[in-house]
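One structure is given below, encoded as structure tokens.
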């Protein structure tokens with residue numbers, strides 16, 4: 001079966017996976033061994049650490065393999081990082097609807113993202129294998145991203161209640177549950193019965209939302225590169241920083257009113273790039289500049305709007 005060329009050697013794959021496991025072990029076993037409310041300053045520090053590690057890794061790829069793989073990693077990381085911001089909007093709604101205390105939100109996100117890492121790996125390798133065998137799928141992915149981008153723009157102001165969704169209704173019918181919390185536990189025992197707590201319901205919704213967002217983000221990175229190592233590492237670095245980014249931005253998501261417009265434009269651009277990939281070759285630096293420009297413009301426009309908009313304590317989002 002045909003395969004795509006990759007800069008990743010067995011040693012690099014093993015080293016990167018070992019690094020991810022070590023960082024996750026430090027996160028849960030040392031820094032978050034005891035449940036606590038993650039404050040903005042702590043989240044900012046972790047976010048800066050994850051971004052710095054990603055940039056150092058990208059610089060290493062550039063130095064070792066040349067500017068093209070380096071730019072592909074940075075572009076893929078930027079795409080995944082920007083699309084994951086939309087995930088934060090959903091996480092805020094989930095935690096608010098299920099009334100998950102801030103004390104336990106990190107635990108839910110940790111286990112949700114841990115399972116997301118395994119799921120992303122499966123989806124990435126499946127996608128690479130399918131594209132290697134069926135090149136025409138690149139056009140299908142491109143069309144899907146264009147449609148998704150247009151849909152995101154048209155539904156940018158729509159708010160869904162996760163408690164009324166099909167997944168939550170199915171979970172409550174099939175999994176015995178209780179509305180009561182039992183500390184940080186996903187299950188508890190009431191009257192001799194083992195029941196799921198709201199933390200498990202939140203975890204299921206977090207995992208489901210990540211599956212939906214992965215359907216957008218993974219095809220989008222294939223527009224940048226089909227190198228499995230670059231696709232995997234850029235995706236995983238972005239996911240590892242998602243929890244800290246959530247705690248940093250959760251209280252300010254409503255200020256980014258034009259961000260979904262920027263994300264929809266990115267999806268349409270990336271989808272178009274995939275659709276014309278066999279006819280127009282776009283250099284990695286052009287893709288990176290366009291994506292960064294679209295996101296930057298949407299963020300600046302959002303900040304200008306929020307600065308001139310009246311605010312009140314009553315309007316502040318509750319997490």
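Just so you know, glycine gets a Cβ as well, placed from its N, Cα and C.
What Swiss-Prot says about this one:
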type	residues	note
TRANSMEM	11-31	transmembrane segment
TRANSMEM	43-63	transmembrane segment
TRANSMEM	83-103	transmembrane segment
TRANSMEM	108-128	transmembrane segment
TRANSMEM	134-154	transmembrane segment
TRANSMEM	195-215	transmembrane segment
TRANSMEM	220-240	transmembrane segment
TRANSMEM	260-280	transmembrane segment
TRANSMEM	284-304	transmembrane segment
The transmembrane segment (83-103) in contact with the transmembrane segment (284-304), cutoff 8 A, at least 3 CB pairs, sep 6+: no
Stretch-level contact, the transmembrane segment (260-280) and the transmembrane segment (43-63), CB cutoff 8 A, at least 3 pairs: no
Residue numbers, six or more beyond the limits of the transmembrane segment (195-215), whose CB comes under 8 Å of its CB atoms: 83-84, 86-87, 90-91, 94-95, 98-100, 104, 107-109, 111-113, 115-116, 119-120, 123, 162, 165, 167-168, 171-172, 175-182, 184-189
Beyond the flanks of the transmembrane segment (220-240) by 6 or more, those residues with Cβ under 8 Å of it: 4-8, 12-13, 16, 20, 23, 50, 53-54, 57, 61, 69, 72-77, 79-81, 83-84, 113, 116-117, 120-121, 124-125, 127-128, 131-132, 138, 141-142, 145, 266-267, 270-271, 273-274, 277, 284, 287
